[in-house]
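K.L.:
What follows is a structure written as structure tokens; I'll ask about it next.
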């Protein structure tokens with residue numbers, strides 16, 4: 001596998017693309033591969049709570065609620081791979097599909113309650129992968145042979161879908177009812193597609209075969225897009241709180257905008273392109289001037305805490321020199337990660353304990369409302385105060401900890417983003433991921449749309465919920481609150497176990 005090296009990079013800045021006006025959602029411009037006989041349609045797939053993996057597929061596809069796990073940190077969907085129906089973690093921060101098999105006997109696999117993949121119809125292609133996730137402080141892996149089988153999601157099936165049948169992993173995607181990951185990122189970041197193309201086309205020296213065969217060997221949703229099976233080349237995500245959910249049911253909508261959402265209400269911003277010098281895909285000979293997206297990464301204007309703009313990070317980049325700040329939008333990340341100095345500023349401001357000792361927990365009163373907001377496309381997108389904190393101890397609704405914001409690595413080759421906006425951000429904002437034209441992105445550029453779901457009285461909601469929980473022994477429950485709290489805690493109970501599932505190092509096509 002190709003190993004990337006570091007270098008000093010030139011950066012393309014594209015402020016003229018940023019728009020808060022509605023952007024027409026055009027079809028993929030490459031219509032040659034569209035199968036006219038297939039009916040184009042969008043579909044809505046409810047997210048499955050890890051605690052209820054015993055539910056059958058029919059109930060899940062009918063729109064059952066109760067989404068997210070107990071601590072609101074991981075979201076899964078039901079998928080069928082071959083003859084096996086199981087739960088996969090929903091991950092916009094990666095591009096590969098993998099599922100554990102019965103051959104996996106690591107500690108996590110042995111304790112897993114998920115249904116392992118039965119490889120009765122597995123068609124191995126003769127290569128293995130070792131998929132790596134996380135940053136320098138949270139690295140994990142998933143390894144196993146790559147092969148083909150039929151994959152079905154919400155009644156849509158694709159035969160011969162490439163994926164990894166994992167027999168060795170330390171990734172927590174196989175914990176608490178999950179059996180693996182379905183990556184919703186771009187083909188450019190797919191290690192599995194790279195391996196399949198190299199095997200099938202005898203180690204090609206260009207990316208011509210890679211780009212030309214996205215419809216056959218790309219990630220699952222990318223194949224739906226290029227093959228014209230879905231009406232619009234997009235999906236949207238809303239994440240429900242298991243404990244407090246003022247915004248409605250969490251779900252993923254593929255191929256169309258969510259019901260009741262109008263395009264004019266959405267703030268659209270471009271996805272950051274990556275040149276080959278920055279770790280991106282080398283363009284094919286038939287589209288030599290194209291620059292391809294690598295991640296669901298977008299520019300951010302500024303970051304605010306309680307209405308005050310925070311100073312930009314002064315931490316040196318790791319061998320790169322990007323001219324603007326960007327953020328990865330990532331359902332596979334249970335927290336928000338940012339530059340160490342900015343995160344320290346945030347925690348010191350809201351927690352006197354942390355301000356006095358940076359090695360201490362960032363403790364603060366649960367009813368102390370703070371709003372972290374990201375300015376994107378000229379508009380403000382806050383994180384609900386409910387999602388910024390968690391209980392420090394069970395049955396204690398007075399003392400909380402700011403556990404949702406932690407530092408991460410500085411931008412580097414193949415990973416130019418400064419921020420990774422995970423589930424706390426996605427529980428507060430409806431996010432729409434628009435692939436555009438995957439073979440010729442200049443024809444229909446990829447973009448992400450945002451719609452804030454944070455109520456105007458969010459601070460009052462937090463204080464009222466905390467007050468009611470204090471009166472009921474520190475328990476946030478459905479019985480004790482008229483605000484739809486459900487047998488849990490604000491943000492869960494503090495623990496150092498939250499892990500983003502990010503590949504910081506790219507394994508590009510030659």
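Note: Cβ is positioned from N, Cα and C throughout, glycine not excepted.
According to TrEMBL, the active site annotation covers 91, 330. Marked as disulfide bond by TrEMBL: 104-109. Annotated domain 'Peptidase A1' per TrEMBL: 75-451, in sequence order. According to TrEMBL, the signal peptide annotation covers 1-20.
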K.L.:
When the Cα of residue 91 (active site) is compared with the Cα of each of the recorded positions 104, 109, 330, which one is closest?
P.N.:
330
K.L.:
Would you report the average pLDDT that the model assigns to the domain 'Peptidase A1' (75-451)?
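P.N.:
Value for the domain 'Peptidase A1' (75-451), mean pLDDT as a whole number: 92.
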K.L.:
How big is the gap, in Å, between the Cα of residue 330 (active site) and that of residue 109 (disulfide bond), rounded to a whole number?
P.N.:
24
K.L.:
Provide the number of Cβ atoms within 10 Å of the Cβ of residue 330 (active site), excluding the reference atom itself.
P.N.:
29
K.L.:
Quick one: among the recorded positions 91, 104, 109, which has the most Cβ atoms sitting within 10 Å of its own Cβ?
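P.N.:
Max Cβ neighbours within 10 Å, all protein chains included: 91.
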